Amino acid sequence: MSDRTSASSSSRRTKQNYDAIGSFVIDQEIGKGSFAKVYLGRHKVTGALVAVKSVELARLNKKLKENLYGEIQILKTLRHPHIVALHDCVESSTHINLIMEYCELGDLSLFIKKRDKLITNPYTHDLARKYPVYPNAGLNEVVTRHFLKQLASALQFLRAGDFVHRDVKPQNLLLLPSPHMMANNKTAKHIMSGSYDSFTPAAGLASAPMLKLADFGFARVLPSTSLAETLCGSPLYMAPEILRYEKYDAKADLWSVGTVLYEMVTGRPPFKASNHVELLRKIESSGDVIKFTRESVVSQEMKGLIRALLKKNPVERISFEDLFNHPVVTEPIPGLVEDDIPKPPRRRSLKEERPVSRAEDSLVPSRKQSLRKDLADREGAPQTAGPSSPKPRRSSPLATPNEPVEISKPNYFQIPPREDRLSYSPRKEAADGLGIKRPQVQPSTSAPTRPSSYVDRRHRSSNASLRAPVREANPPPNDVTRTKPRGMGTKPMTEEERAAQDIAFERDYVLVDKKHLEVNALADQISMYPQQPQSPKSAQIVRRATQQGSPTSTSGAVPSPPSRALQLAQGHSRQGSYDKALGTSPSKATSVISKAIQDASLRLFGFKYAPHLLSKGPSPVPMYNPFPTYPAPNTPTGLISDGKQGTPVDEDSRVAQCIEDHATRSDVVYGFAEVKYKQLVPLAPSMDHGLGGAPIEKSAEEDGLTAEAIVSLSEEALVLYVKALTLLAKSMDIASLWWSRKNKVESTNSITSAARDSANSEALALRINGAVQWIRSRFNEVLEKAEIVRLKLAEAQKRLPEDHPSHPNNHANDSTALNSLSTVGVFLSEGISAERLMYDRAIEMSRAAAINEIANEDLPGCEISYITAIRMLEAVLDQDDDHLPKRKVSGASKEEKTGANELSDEMNNEDKQVVQNVINMVNNRLTVLRKKLRLIESASKAQQQEEQKQQNLMRRRSGEMTSRSVPA
């Protein structure tokens, strides 16, 4: 604690003494993201305002660093009025600082959320008065069309360069005060512009706020004939083809545009869910039917465009060309007030036309003329000039009120062609001046030691002040040695900032690990292994959500059952992790599992297991699906077996048994994690609590748990879920090795068909396939719940007192960081590990079972507790490299393994021996208990037989007496 406190105080001292980055002075923190903080900066000489995005390199893995450098390279080549410009980039040994345009009205998500209060803001008062917001509706359609025109202009510019943004969402659409406000407000502060026309809209209204597309961390060059396969972006606005892990093209941005448009006109996203898997289910089940709220006032043209954009099949989705030529984008905005109706340019008399035109040609050139002149001047000028020339920027129409503004012409809504946009980019000649500068390494005391919280993805630019900007010349190109940005003294948050924090959950983006994809891909491959002949009826399919391809087939579709979260939200109660699920009889366990396997197989993979191999029967919905008993000869029937099944007769049987053993251990760990999850999330997130809904803080507070309790439960649940994921991943690794070996053998074996015809081989393949499909389903489910718990943990840590060791301000660099299959950069309290929790739980269960055994109470329950404790202790001893070559699937997998090893604290041999001794002790108790149960069962059978004999004797005697009395 003392170390963390001293580190925090050292960080505060650093921020007081060093507040300069190159030629800019850092004023205050105005935003925070997952890996970066955004500061308000000003030029030392001119005082022009900028936004400084400071990224701590130590918090980035290899993939995120590539995204950051990709963003820098892309922004260097882009210059457009509706794209946030990069002024400069300064790098040190620990941080990268991006000097960018400052957008003081915040982002579009805040604008939509505060739409009812726009009338109270002096910079949006006139807009709200002219185009009011209807009750319970979104923005006025005039404003929506205005923003769409500007967004389309930016996207057309990107498509001309074969760029795909991949993260279009309201949080990445930043706003500036309207050009009229900027031109007429004499008290406005200077804002450094990226180019001479940076504050001149290319489309839309001059009286409405100006929109700029920001955050190119996921952008990349993607020609129209190419496909990408990386899952990235924000889940709420992510295209379904990305959610399905399919390859996708630039049309993914069109889906995001559709979601943004829908949110602007209705005030809410089109699809809301607790996680991206549930989100995909809702998108798929909608059937491309987009409904609008009754309160929304939306024209038919706008509805048609939104529906064309929100087609789940990218082939059916509207094209970029059709979007750019759509009447909503190209035609004048209907419903404008008189002041905003474009006026034709004033015709000059012949007398004044000639001298004025010469003056305009020399002083105020048109956009294309000034562009060519500017480029010609720059080609002949030395490279010591800054990124943009002050003179063209001062000659902007915004600085000259009497200059004709291009957007006021009748064709202002037409987007300039490619050559008019790409050709005037000053990034080409300024590339050398925007190269990343590496000043001398600073002392360690100059670096902030307080890393930003993982999920606190706040507004990216500025909500701090609401003053109209004025363009200012760029600063001198010389850079002073960079020092770290530091947060100023804590200031009370403004209303806008608090509102922005309410939607912090929507700002998170998803980076799905390759292990997730590998698990699903392997399960898909194994599921296609030849099965027994199926009837035509059982071959009807619905494509699985994560399977590649477009799920357009609806023939014989089987509706998906409610997700587990939905079942809980609808009132299904959870059971204890070691209650009824572990105590079900073999017949009951098999019945529910059989039905689940049949339904899941038909829905996901296109075949059913043969009905005669699976038993039937109803069963109540358990808290979680128990690890199933698969239809194979001599397989155990309970959830957890004692493992005494004899030695497998062949290699395939041994592999199947090994896979099931690891899966069974993971199921026990999962059940323990569910106990924590049940306390943490009594009801699963619903439409009102999750993506696009109420803040996570609200649901936690309503549960009546303190912040410390939530942190403790979240940490324990998270490490247990990660342990379960590790065991499941190991099972899939074993299956992967078996699958590779089997394919290799069959490819060289000429008698493969004969082997496959064997009933035993077929049943064994069915057994392994069933296990793999169960593991895939459980893996995906655990991954979802781990993400929910991670978000709960991060939010709860922020609500702790600032002097609490788990508060984000006190996270030292050497804090326990969980870097696993599902989480990155989560800080845990000291002493938290899944192995310790599992060991304590196993001891507790064993002691309770021993007490009940001595008292002869609930002996079957004691047997279940002993078996569960043994499986949990075996999971404690289970290491990632036991009985298996070290996994080397990808770089990400290596990092996962490292994180998992750090989490388990690498048990030494002495600790392992202690755990093994406990396992032996519990096994002995289990053996004694089973002998007692067999004796009780034998005695019970003997008693039943004796009672049966007595009953038969009584019947015989009764019959003799009756027969004697009849003749009399």
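Glycine is treated like the rest: Cβ placed from N, Cα and C.
Taken straight from Swiss-Prot:
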| type | residues | note |
| --- | --- | --- |
| DOMAIN | 24-329 | domain 'Protein kinase' |
| BINDING | Ile30, Gly31, Lys32, Gly33, Ser34, Phe35, Ala36, Lys37, Val38, Lys53 | ATP binding site |
| ACT_SITE | Asp167 | active site, proton acceptor |
| REGION | 334-500 | region 'Disordered' |
| COMPBIAS | 350-361 | compositional bias 'Basic and acidic residues' |
| COMPBIAS | 371-380 | compositional bias 'Basic and acidic residues' |
| COMPBIAS | 417-431 | compositional bias 'Basic and acidic residues' |
| COMPBIAS | 441-452 | compositional bias 'Polar residues' |
| REGION | 528-585 | region 'Disordered' |
| COMPBIAS | 528-538 | compositional bias 'Polar residues' |
| COMPBIAS | 545-557 | compositional bias 'Polar residues' |
| REGION | 884-906 | region 'Disordered' |
| REGION | 939-968 | region 'Disordered' |
Specify the count of other C-beta atoms within 10 Å of the C-beta of Ala36 (ATP binding site).
24
Within 10 Å of the Cβ of Ile30 (ATP binding site), how many other Cβ atoms can you find? Include all protein chains, please.
25
Restricting attention to the domain 'Protein kinase' (24-329), give the mean pLDDT.
84
Cα-Cα, whole number of Å: the residue listed as 'active site, proton acceptor' versus Ala36 (ATP binding site)?
17
